[in-house]
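These notes concern the structure reproduced below.
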Ligand SMILES: Nc1ncnc2c1ncn2[C@@H]1O[C@H](COP(=O)(O)OP(=O)(O)OP(=O)(O)O)[C@@H](O)[C@H]1O
Ligand SMILES: [Mg+2]
């Protein structure tokens, strides 16, 4: 069952079209990530769902009920702010209790639910501290608990890990996912870190210029990007210009493509490119640069395209290594894993 | 790190010079007279002398026998508390509107709110008196409270506005998101964070209302004079250390209020 349906939401600030008929459907209990470059409207979409922004057009429905016209305090939607927005004059416990107090929940029940929430985020020992006496990660957990304790229909999180250092970020990502699974709450999560998106979510929605460009499971998006933008934005991709003729690409490797004749783009991930020394079937080129990343070595090979072809070769015995200047041939290892998109390459 | 001594900029030197000058000036003009007044108040004889010829609390005891003075202290206390309440009740919402509100002529509104501060108290006093006469409203306690409130309102408004401008507007959104309406958010989130500023504004208002002469002279009830006005008349006929004793008490009161503010908010948070 669909918990949240966003239907044609449009918002314009002055002359700037920030959301252009945005559609998004989120299933009950699943985690969707909004991923996109800065300024593409992620925060604005979240704020529209929470009611802080009034869309010019479109509908937002939660469990079938249209909430587009409700004021923010009457929507059953939790929001975790980027800088947490904890109340500085309230203790951790009172911050978490805030929504329950406002809802006039009986005192005993508040106490019970708040202490449950404190246990959930493992901060019971810090209950009587004020926000400024907590670390960034702890504050963030309080912000999440403050939203979760109300058991909202939908939880919105706007770049909740931005203020955390890399180490903490990683452990918090795992913690958050476990927490969400335990409570089973429908969540939308904003980030512009694609690894975070892949790690945390059931589905990833790629946003661009106020629209949702593609939505799917992390691997679907990675394996089957529907545009050069998505291919380039998620992971790294080689976008090679080609022509489709009679359902196949022209060039050294003819790859099946269900596209009309015309210019096209061959998309292949660096790990799907193999290099062999000298000439052979494939794209001839010259190694221009290499980066040893540990498990793999990444080569940049000039094959005569406007951008170098990237190849990531594993580093085990038997895999040849190349020096800059070496003449090589690049090939797509697994043709089925390559994607052919209509139109010329279009680098984001 | 800062460079060698000769690298100190002219601006810094000027600032340091000004700071020293200011310190010396405030010691000479503010602290020294206060100390002299306090010293004089312990004079055992019947006239003012410095240094005092001895130490006695005679004039403090004498104070207790001057019914008119005691009454005026009560009047002043009562008036000051009322002025403080009026300024808080009007000042906090006004500051809120002036900071958060979106309406035409907001700049003019803010200038208007703070205008009494630019005006000499005497002008406000005379204006109140004349206007009062025009609408047949005599100088009275109520008149005094109203005119002093006009005069003191900017204290509260300015301090509260400064604090409001520093509050995170996201907190209001967070509160709304958690289910609170506008009023509930104001009382649960905004007001508690304004409390120190409101408290400080109230304290300043109290001190100002308690020893204001310029406005009070024109608008107070002739039969129930507040302390500053009473003193003003008193010094014209009497020059005993009694005046010094009352002044010392007032200095003490101001100091206590300042200390309380300092404990509650920190003095350095003012003026901004
Ligand atoms: N209240 C507003 N008034 C005017 N313009 C706004 C307002 N809010 C957002 N914008 C503009 O809308 C665009 C999208 O903003 P938004 O905050 O939704 O982007 P975002 O995807 O969250 O970006 P980021 O990743 O940097 O947080 C930006 O160009 C921003 O300047
Ligand atoms: Mg954003």
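Backbone N, Cα and C define each Cβ position, glycine as well.
Per TrEMBL, the features are as follows:
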- B:73-261: domain 'ABC transmembrane type-1' (DOMAIN)
- B:20-40: transmembrane segment (TRANSMEM)
- B:75-97: transmembrane segment (TRANSMEM)
- B:117-135: transmembrane segment (TRANSMEM)
- B:142-161: transmembrane segment (TRANSMEM)
- B:242-262: transmembrane segment (TRANSMEM)
Against the transmembrane segment (B:142-161), which of these stretches has the most C-beta pairs under 8 Å: B:20-40, B:75-97, B:117-135, B:242-262?
B:75-97
Most Cβ pairs under 8 Å to the transmembrane segment (B:242-262), of B:20-40, B:75-97, B:117-135, goes to B:20-40
Using Cβ atoms and a strict cutoff of less than 8 Å, what residues sit near the transmembrane segment (B:20-40) while being 6 or more residues removed from its termini?
48-52, 241, 244, 247-248, 251
